[in-house]
Amino acid sequence: MLKLRKVAITGGLSCGKSSVCRILKELGAYAVSADEIVHHLLSSDVNVSQKVVDLLGKSILKNNQIHRSLLAERVFQNYRLLTGLEKILHPAVYGEIEQQYQKQQDSKNQFPFFIAEVPLLYESDGAKFFDTIISVVADPEISLQRFKTHTHKSEKEFQSRMARQISPLEKAIRADYVVLNNGTLSELQQSLRELYQELKIYI
């Protein structure tokens, strides 16, 4: 059986990682999202959720469930708590990604390759788990506008979050492929159709 290529999609804030992941999935790849895995872990994994509550306290609970906005408020201005949270979540996320990958690898392998959207790939030392890295980049002004439109948060919040990440330029330098996402959706789709065909060639 041929090895299923494992691809990570990463990049800066509001650069279009989810759009790239969605388009490649529509073209035929198997896709998972670290953010969706985190949501599942916090809502359904008793072991992980209890560790998070032990770290952050019951103030992050609403109706006895972890509320993500309350969690965010608790950690994003506290480096110690944020680091502690990441130490809980990152191994659990990579464990779930690997489980899903092995399930596809052990099946009839109907997908041409496996992709995982991992925003903090380099920050969490996760590049070693993947065969290929794609970094999505966009001009800072475009990313800022997308961030403000989608989250209704301020430029200050955007800059604060960006400051906690490796720069988009550094992520692009480290990656195997770079996808520029400054234009229209149709332009992005066209560039990804070409990349998709290249990624399928893997032995």
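Placement of Cβ uses the backbone N, Cα and C atoms for every residue, glycine included.
According to Swiss-Prot, the domain 'DPCK' annotation covers 6-203. Positions annotated as ATP binding site by Swiss-Prot: SER14, CYS15, GLY16, LYS17, SER18, SER19.
Listed in sequence order, SER33, GLU117 are the same-chain residues six or more apart from SER18 (ATP binding site) with CB atoms under 8 A from its CB. In the predicted structure, the domain 'DPCK' (6-203) carries a mean pLDDT of 94. Taking the mean position of the Cβ atoms of SER14, CYS15, GLY16, LYS17, SER18, SER19 as the ATP site, the remaining residues of that chain whose Cβ falls within 8 Å of it are GLY11, VAL20, VAL136, ALA138, ARG146, ASN181. All protein chains considered, the CB of SER14 (ATP binding site) has 23 other CB atoms within 10 Å. According to DSSP, SER18 (ATP binding site) sits within a helical segment.
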